[in-house]
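Here is the structure we will look at.
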Amino acid sequence: MNDEATTAAPHTGSSAQGPTRGPHPASGFGRALALTVAGTVVPGVAFLASGRRRLGAVVLVLFLLLVGGAVWLATSGQRDALHLAVDSTALLWLIGGAVGLALLWLVVVLTGYRALLPRGTRGWQRALGGLVVLLLCAAVVAPAAAVVRIASAQRSLVDNVFDDGDSATVAEPTDTSVPFDGKDEINVLLLGGDGGAGREGVRTDTVIVANVQVATGATTLFSLPRNLENLPFPADSPLAAVYPDGFEAGSESESLLNAVYRNGPAAHPDVLGPTDDPGADFLKLGVGEALGLDIDYYLLVNLDGFSRLVDALGGITLNVNYYVPVNGDTATGALPDAYISPGPDQHMSGTRALDYARGRYGLSDYLRMDRQRCVLQAIVDAADPVTLLSQYQDLARTTQDIVSTDVPSAVLGDVVDLAFDVKSAGIRSVVFDDTVINPAYPDYPKIRALVQQALDPAPAATPSSSAPAPATPSAPLSAAPSPGGNGGSVTEVADACAYDPAQAQAALAAGQPPTRGG
């Protein structure tokens, strides 16, 4: 009996203490939710907390490698990131990778939560936990969806704009291991095509050649007036046989530089062979011959959609030194609807910026050319990484609608590298206005000599006829500034587009010119 009582005593004591219990379900549930949130932000934490340390360590290391790679691409690896952004195949892999990564992340969140959820969790706790996990899954999917949208828009842009179509003037690269096939400089023809409502065809009222030195990114813009006549063509081009004395289309107004894009191919549609944009090829050959440069590529922006591009950038900032007319027609005497008043750092919408670039009533074509270069500079300044990323889908969609080019996709990586150098090297400008040439009887040898002098000042090629001393812009006492400015000489675009208080104050003192509404 005593032995039995002695042996039974431990059992009785054990029953009095009760079985060992874990934490209360409420406190365990709160801990599980907190660790699930932490495991969503830093994958692997939930597994480590639940005792699955090997799996947690693997997931955490992979996550840290992913974060490290993203930080590197956003800082010192920006060029590599942009190289990927102009590669259609790489973008497709990025889309697939974003989807796959999001799915894996969702699995980590769900399995981590299940591993942490304590036994005995009540129904309302499970419902609350399910809602929290659902929100966490949405937070995981959202950035992946954003990556897919942006990458898809970029891939569409690359495939549609840089589609490697037929061109009569783009040579096939012979050595893709060096930038731009080993060339020292690249010449890009920038065209502003005014093909809006009420206009038949496209007239390229803006004709600028950007000469970019491959080694440094130093860029010089050469602007030709839209009313230039007798555009020459290279002797070895089929166009030289068709236009031995320069471009001519029957009347003076239809033979100007801004009419070549439309009238040349209309008269001789097959003279250059297979090409997707014969008008651009006509201009590449003619403008290149006029300047003594080999034009590599062209970029045409239809000004009818230009305002959408500026709006997608969030607007651009420009200095205004004189009254710029909005609409109006000098030939018929129709007064402008309004004027853009002088003032510094004016942030303009797309419509306002287009008015600024187009305004010509009572002013010269050369002043308009000056303002168009300022608009180009303002767009470069506005295209910062934050703006590009935040507005990217609108920019990509707009660009596809208004831009055409023959830049092949194979050189887009080289273009990316060069773009970094261009922005840091600055942009210079040379304007061939009526202080340098007579547009009706242009001295093309003189133009070519001035181009070479601007690109290589040391040899200082001598023009065929004496060039006048560069005109210094002055502040006129009337609202209208003097036409032209520094014709034929090299000026920094940033300086030429700076605010001139004296000129602006003189214009303001003279008062706004009359408008259609009085």
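For all residues, glycine too, the Cβ spot is worked out from N, Cα and C.
What TrEMBL records for 458-483 is compositional bias 'Low complexity'.
Per TrEMBL, domain 'Cell envelope-related transcriptional attenuator' is recorded for 203-382.
Taken from TrEMBL, the feature region 'Disordered' applies to 1-27 (among others).
Annotation comment: TrEMBL describes 458-492 (among others) as region 'Disordered'.
The transmembrane segment feature in TrEMBL is assigned to 29-48 (among others). Residues 23, 55-63, 105, 108-109, 111-113, 115-118, 121, 125, 128-129, 132-133, 136, 139-140 of the same chain, all 6+ positions outside the transmembrane segment (29-48), place their C-beta atoms under 8 angstroms from a C-beta of that stretch.
For the transmembrane segment (55-75), the residues of the chain that approach it from at least six positions outside its boundaries are 42-49, 81, 101, 108, judged by C-beta separation under 8 angstroms. Look at TrEMBL and you will find 55-75 (among others) tagged as transmembrane segment.
The transmembrane segment annotation in TrEMBL covers 90-116 (among others).
The feature transmembrane segment is assigned by TrEMBL to 128-148 (among others).
Among residues of the same chain six or more beyond the transmembrane segment (128-148), those with a C-beta under 8 A of the stretch's C-beta atoms are 29, 32-33, 36-37, 40, 94-95, 98-99, 101-102, 105-106, 109-110, 113, 117, 121. Per-residue confidence over the domain 'Cell envelope-related transcriptional attenuator' (203-382) averages out at a pLDDT of 91.
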